[in-house]
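Let me begin by presenting the structure, written as structure tokens, before commenting on it.
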Amino acid sequence: MENFRKVRSEEAPAGGGAEGGGPGSGPFADLAPGAVHMRVKEGSKIRNLMAFATASMAQPATRAIVFSGCGRATTKTVTCAEILKRRLAGLHQVTRLRYRSVREVWQSLPPGPTQGQTPGEPAASLSVLKNVPGLAILLSKDALDPRQPGYQPPNPHPGPSSPPAAPTSKRSLGEPAAGEGSAKRSQPEPGAADEDQTA
């Protein structure tokens, strides 16, 4: 592909077996009309997405939010959903994985002084069809059907998921910690060095 450059990229028409129904319906067809849809892109700033999402979910009329991203934005999509779940306790989650078909059109670079191609001849083009993975995460304040695939119940213990720290015992600086033993490097007394040199 070193002799080609990308001219355009367009979404190819979806085939019959796509999850979520026809084009434009999204993976969650039965959403309430007031649901917020956040499209996460590769260059999106997480703090901007989270500021809008948090403000939207703080309103009582907003009952659900959907984060969706594809390609390189999938990790950022998961990060946004996890941050919102920590900020707002009691959110039910449904995750859906899908694939988008993207058609890329590449055109050959203008050739240098080579033999065989006349200057007026059109450049060769190449069309590539890619299946790009996408992720859609629904977070809802209302209870969802736990039998549907990709469902996760609310976290019963919101907050950091780090294990509690082990209790430490107080000790003075010179004492070894429990289990360390008494293996210390012996150091000579300050006056003992002078005695060794005189002897």
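Every residue gets a Cβ built from N, Cα and C, even glycine.
Unlike curated entries, TrEMBL annotations are predicted automatically.
The model shown is predicted, which means the values in this text are computed figures rather than measured ones.
Feature annotations, courtesy of TrEMBL:
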- 1-11: compositional bias 'Basic and acidic residues' (COMPBIAS)
- 1-30: region 'Disordered' (REGION)
- 14-25: compositional bias 'Gly residues' (COMPBIAS)
- 37-100: domain 'DNA/RNA-binding protein Alba-like' (DOMAIN)
- 144-199: region 'Disordered' (REGION)
- 151-166: compositional bias 'Pro residues' (COMPBIAS)
Mean of the pLDDT scores, which run from 0 to 100, over the domain 'DNA/RNA-binding protein Alba-like' (37-100): 94
For the compositional bias 'Basic and acidic residues' (1-11), residues assigned helix / strand / coil by DSSP: 0 helix, 8 strand, 3 coil
